[in-house]
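Comments concern the structure below.
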Amino acid sequence: MTTETLIITGGHVLQLGQDPGIIEANIRVNCITGKITNIDEDPVSAQQRDADDEIIQTLDAAGCVVMPGLVNAHTHAAMTLLRGYADDKPLQAWLREDIWPAEAEMTPTGVRAGTELAIVEMIRSGTTAFADMYFHVPEVVAAIKNAGVRARVGHGIVTAGKDDEAARNDLNKGLEVAQAYDGAADDRIQTAFMPHSLTTVGEEYLQEAVSEARQDNIPIHYHANETRSEVDPIVDNHNKRPLTYASGLDMLSSSDFLAHGVHLETDEIDQLAEAGASLVHCPASNMKLASGIAPIPALLDAGVTVALGTDGAASNNDLDMFDELRDAAMLGKIGADDAAAVPAAQAIHMATAGGADALGLPGGQIKEGAVADLIVVDLDSPHLTPTHNIISHLAYAARGSDVKHTVCDGTVLMQNREIQTIDVDAVVETAETQAQSLIQRMS
């Protein structure tokens with residue numbers, strides 16, 4: 001019986017784990033199951049398999065490195081419509097004066113357009129999975145489903161400034177979305193309960209909603225310890241550090257993933273480790289908003305799973321995860337005052353396996369039986385020459401524009417820089433139209 005097979009030929013293959021390295025191999029993918037069936041280092045074995053398989057597609061990886069698809073573990077995809085709209089402000093002023101008023105005018109059509117634009121950018125720069133906290137989630141789900149990527153999604157809940165009825169409506173929407181779309185798109189889409197933060201959702205609302213989320217085994221994702229101005233009110237009002245407060249609300253478990261974690265004390269790092277919760281580091285956004293430097297080496301030393309995220313395009317201002325992993329490595333060294341902190345392989349791990357683990361999604365590794373979420377990075381560029389150390393290049397020199405092919409769940413999403421599942425020109429045109437329409441409504 002023949003198997004419909006995708007073959008990625010002639011490439012260097014990145015192997016992560018305890019002893020990171022590079023092997024030369026062909027990768028075979030079952031196009032029906034979307035999983036890697038073989039990693040052939042033996043040419044004779046590869047020829048024998050060719051006779052048994054129905055090869056329906058071949059991706060040339062000569063002069064390239066094949067690596068796991070990148071995982072953007074925290075973003076707000078539709079905020080691509082606000083890229084460059086408001087810059088050079090601290091977080092709270094930026095949110096209250098610019099972003100939240102703009103988002104209040106965002107329509108379902110706009111969210112769909114912004115999400116599609118984000119997905120185009122992510123596919124072209126090697127991201128195969130992401131976590132999205134936003135609203136008008138049915139439009140987000142539709143965009144993900146059509147594009148072929150993988151994601152964990154949720155409705156971003158804010159009760160601050162709302163009356164009780166509006167606050168409860170927002171909470172209910174968050175729970176309904178999490179229940180309705182989990183497992184959508186043949187399981188490529190999973191969900192989470194996503195209160196915006198511990199300061200923007202009231203305690204009584206969190207108590208009620210978190211209890212229901214736990215009954216349905218729904219993971220929880222929220223912003224935590226991002227800025228001092230977020231930490232201080234919790235300490236002042238509850239006489240507790242934020243993660244102690246979160247733990248008391250049952251918001252710190254092994255399925256939960258928290259964004260930022262910039263201002264963490266040692267006992268909070270220990271709490272994360274003991275709970276098994278994950279932390280999503282967003283170095284570019286934290287630098288741009290002057291939020292601070294997250295203690296990544298200390299988190300890693302404590303055994304906390306650390307993933308990477310871009311945050312939204314309005315505070316980054318792009319969704320290129322190669323930029324993010326380079327920033328994470330370099331900022332980790334600055335924060336620790338140690339050039340050996342967050343080495344290249346560790347930064348790559350955070351952007352791949354760390355992200356998949358944090359989100360509870362498959363992916364992040366290349367091995368037989370794993371899902372085929374893969375990218376092929378072209379090394380034939382001046383900025384990647386000479387190839388003394390491919391792992392170093394991936395962390396410190398590669399760019400999203402070096403990605404040649406992108407594969408998710410065994411489906412080729414991009415081949416030779418051409419996206420196969422989305423009309424890119426139409427997406428860009430629609431996004432520009434929606435962005436201009438949004439600004440007109442604002443004025």
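Just so you know, glycine gets a Cβ as well, placed from its N, Cα and C.
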Given that TrEMBL assigns GLU103, HIS196, ASP311 to the substrate site, pick the one from GLU139, GLU165, GLU226, GLU274 that the record assigns to that site as well. GLU226
With HIS74, HIS76, ASP311 listed by TrEMBL as Zn(2+)-binding, which of these, HIS223, HIS393, is given for the same site? HIS223
Cβ-Cβ under 8 Å from GLU226 (substrate binding site), same chain, 6 or more residues apart: which ones? LEU91, SER197, ALA259, HIS260, GLY261, VAL262, HIS263, ASN286, SER291
Could you tally the C-beta atoms, other than its own, that fall within 10 angstroms of the C-beta of HIS196 (substrate binding site)? 20
Alpha-carbon spacing, HIS223 (Zn(2+) binding site) to GLU103 (substrate binding site), which is rounded to whole Å: 18
Looking at the binding-site residues GLU103, ASP311, which one has the fewest other Cβ atoms within 10 Å of its own Cβ? GLU103
If the Zn(2+) site is taken as the center of the Cβ atoms of HIS74, HIS76, HIS223, ASP311, which further residues of that chain fall within 8 Å of it by their Cβ? THR75, MET133, ALA259, HIS260, VAL280, CYS282, SER285, GLY309, GLY312
In the three-state DSSP scheme, GLU103 (substrate binding site) belongs to helix
Quick note, GLU103 (substrate binding site) and ASP311 (Zn(2+) binding site): C-alpha atoms separated, nearest Å, by 15
